[in-house]
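TrEMBL annotations:
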- 47-296: domain 'G-protein coupled receptors family 1 profile' (DOMAIN)
- 33-54: transmembrane segment (TRANSMEM)
- 66-84: transmembrane segment (TRANSMEM)
- 104-126: transmembrane segment (TRANSMEM)
- 172-191: transmembrane segment (TRANSMEM)
- 211-235: transmembrane segment (TRANSMEM)
- 247-267: transmembrane segment (TRANSMEM)
- 279-298: transmembrane segment (TRANSMEM)
Amino acid sequence: TTHFGGMPGINCTQATEFSLAGFTEDPASQVTLFLFFLLTYLVTILGNLGMITLIRASALLHSPMYYFLGNLAFVNLCTSTIITPRMLVGVLLGKKGITYAGCMAQIFTFGLSLVTECFLLAAMAYDRYVAICHPLLYPLVMSPERCSQLVTGSFLLGLTNGVGQATAMSSLFFCSPSAIDLFFCDISMLISLSSSDTTLSLVILRTSSSLLGVPSLLVVLVSYVAIISTILSISSAEGKSKALSTCASHLAAVTAFYGPLIFMYLIPRSDTSRGGDKWAAVLYTVVTPMLNPWIYSLRNREVKEAWRRLRKIK
């Protein structure tokens, strides 16, 4: 046993692995879940890799919006790959254990991906704002250099978040055995499991949420307030429809991303009413990365046209 500081009188063994809760113990349901998650993961890989390939191959899609979308597809691939394969192994083989190092790796990579996606969605909202509200300035404002800076900044902020979260978690002590009531290592649940003083970890978590999550969401909201105001001032119905169609895909992606996150982390509720957390987590870790490329493919004429041209060349 080990005695640790900050919590006098408590002795226990440091956890070397965590147990991740599954969705059900029923064998028939486990097979159904495995097939669902496997199909979702394959569609995610196919959709996002296809989107990245199409954007690189088609000159029609060499514009700021699709440059951001290509990077978003890469982040979606990473997010899904961090979570889903490990979950598939757990559902199929019943292996619920994840090593301490594996858990910290999930915290780091997921923290990186989550914040990077927040700022990429903000950059895309800003891109739509400039395109609709200041079209004459668009080529100047959204230059290749500016777009590259926005993407690089998004990844650097994501990296900062990942390092901060992993550092905060690695300083905590966990008694063995430790069970997480989720299918991946979620930072808020890990903090609640820790046997040591979690004050610093909670401060880091809340600070990163405030300094990184809130500004990116504000950029999206302010951009769309300005966009809607501009669209309403357009006199022709055709002009309004065209302006709205350029935003519809991004707005759907933002809703699919932020909706489950807000439900999971920002809506206060008691421990007994947290039953929906697992499915909210499925939405933003598994389903949303799958949906994004299809949202942009099905609703976007340029993507459809680029796909047609590529098929003709082949």
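Even glycines carry a Cβ here, placed using N, Cα and C.
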In contact by Cβ distance (the transmembrane segment (33-54), the transmembrane segment (211-235); 3 or more pairs under 8 Å):
no
Overall pLDDT for the domain 'G-protein coupled receptors family 1 profile' (47-296), taken as the rounded mean:
83
